[in-house]
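Working notes, structure below.
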Amino acid sequence: MTKINILAINAGSSSLKYKLFLFDKSKDEINLVSKGSITEITSPTSSQFTAKIISSNTKISKSLNIQTHEKAFSHILSYLLDTIINSKEQIKYIVHRIVHGTTESQPIILKSDSSPSKELSKLDSLSELAPLHNHSSVLILKSCLKELSNSINYAFFDTLFHQSIKPHIYTYALPYDEAKQKRIRKYGFHGLSYSYVSKVAAKHMGIDLNDDNSKFICLHLGSGASMCAIRGGKSVDTTMGLTPLEGLPGGTRSGLIDPCAIFHFSSKARKGDESHHPVDKQFHLTEAESILNHNSGFKGLCGTSDFSEIVKQIQDTTNGSENSNSSINKERAKLTFDIFINRIVNYIGSYFVTLEGNVSALIFTGGIGENNKELREAVAEKIKCLGFKSVDKERNKSVEELFKSGKDVVDISSGSTENFRLLVIETDEEKEMVNQLISKI
């Protein structure tokens, strides 16, 4: 068999994305055949299904009533069988992005005929560390094992890329023996994205990724946001920790805060009473996790988790006037923007020192990193003192158009330099899983 269909699955807390690739072994070539997603799974109103067949540029978009990830996968599979593939047997491999794998150093292989229940239970047990994602991934794995019983499943972990981080960086200053027993330490996430964009950046710059002088500071900025320092193709440090909550704020996540701050939400203090009041002992950890995971970040600060809307409201000259239709306070929107920039540049400074200077490139990726020119310009202005240039404003404005024209890297640096480049790279976690799979089969 010279041509192999590989299905890539990326399950979110309320979404399911897929990409179908065709690997031609004779040409050592990978081509994207189809991609799509179902969003707003579990929504009380409706889910949205979008899909595209690449060769014919055929697109579909429609509303559905889908309440579970299993039904979402069944719908995607039915769509593929109706439009592209003739039988389930044509899907040889399925690759899955799993957010949390603790210290797993290799992908896990699951087959229907090899009693995968132990591996599934292990993955599901990690849901408490990645409550928004891991359980959804396990549900999809079970569906794949049932509906595509002849396929071979590979579970790739977002934590795997960060296994190179050294103990003095991943260890928390907590009671050592108990923390080790309970596996409480920094793990890091977005590893598939960092692995992909660092390879693309090194190729673009014509440098050896594995050379010790290859140094990247990567910003994966989206509703979930993190950063990573990479040297010689390996993760040196990253902002997310035991869970995706640590580090940068995101759409609904708080990012790094004083650990005691959350418990003061339960304080019994009355308005106008400045005396000390103890924390409510009935305040449950799940309530704290809910506030930090779902009601904080951009949403908690200004009422929306949509960063593009925040930027839009900052620029809206009518916001704050009687003619404004916005429910977002302009001052709060500006505060949210400034907080995000501040946290980002603080980590850039830290990672600049960690990498011992002379950084090859700063890489913007993820939904916000790839699409928000205002953020890229603001970050670049703050880090000129480190040796980076300002952005080329025309190229910075044209990033989305250049991506649509087929480019996967856009250099937005003003002026040419050997190092200290500002790169915008369209990440592709699904393709990275396929690339890693092909190196193993």
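Keep in mind that glycine also has a Cβ here, set from the backbone N, Cα and C atoms.
What TrEMBL says about a protein is an automatic prediction, not a curated fact.
For Glu429 (Mg(2+) binding site), the Cβ neighbour count at a 10 Å cut-off comes to 24, with all displayed protein chains included. Annotation source TrEMBL lists Mg(2+) binding site at Asn10, Glu429.
TrEMBL lists Lys17, His220, Leu221, Gly222, Ser223, Gly224, Gly367, Ile368, Gly369, Glu370, Asn371 with the feature ATP binding site.
Among the features that TrEMBL reports, substrate binding site is placed at Arg97. Counting every protein chain shown, the Cβ of Arg97 (substrate binding site) has 24 other Cβ atoms within 10 Å.
What TrEMBL records for Asp158 is active site, proton donor/acceptor.
Under the heading site 'Transition state stabilizer', TrEMBL lists His190 (among others). All chains included, 30 other C-beta atoms sit within 10 angstroms of the C-beta of His190 (site 'Transition state stabilizer').
Residues near Arg253 (site 'Transition state stabilizer') in space but far in sequence (CB under 8 A, at least 6 apart, same chain), listed by position: Gly224, Pro244, Leu245, Leu292, Asn293, Ser296, Gly297. Marked as site 'Transition state stabilizer' by TrEMBL: Arg253 (among others).
Counting only residues at least six positions away in the same chain, the Cβ atoms of Gly250, Gly251, Thr252, Ser305, Gly367 sit under 8 Å from the Cβ of Ser223 (ATP binding site). Counting every protein chain shown, the number of other Cβ atoms lying within 10 Å of the Cβ of Asn371 (ATP binding site) is 19. Between the farthest pair of Cα atoms in the ATP binding residues (Lys17, His220, Leu221, Gly222, Ser223, Gly224, Gly367, Ile368, Gly369, Glu370, Asn371), the distance is 20 Å. Arg97 (substrate binding site) has Asn10, Glu429 nearby among the binding-site residues Asn10, Gly369, Glu429, counting only those with a Cα within 10 angstroms of its own Cα.
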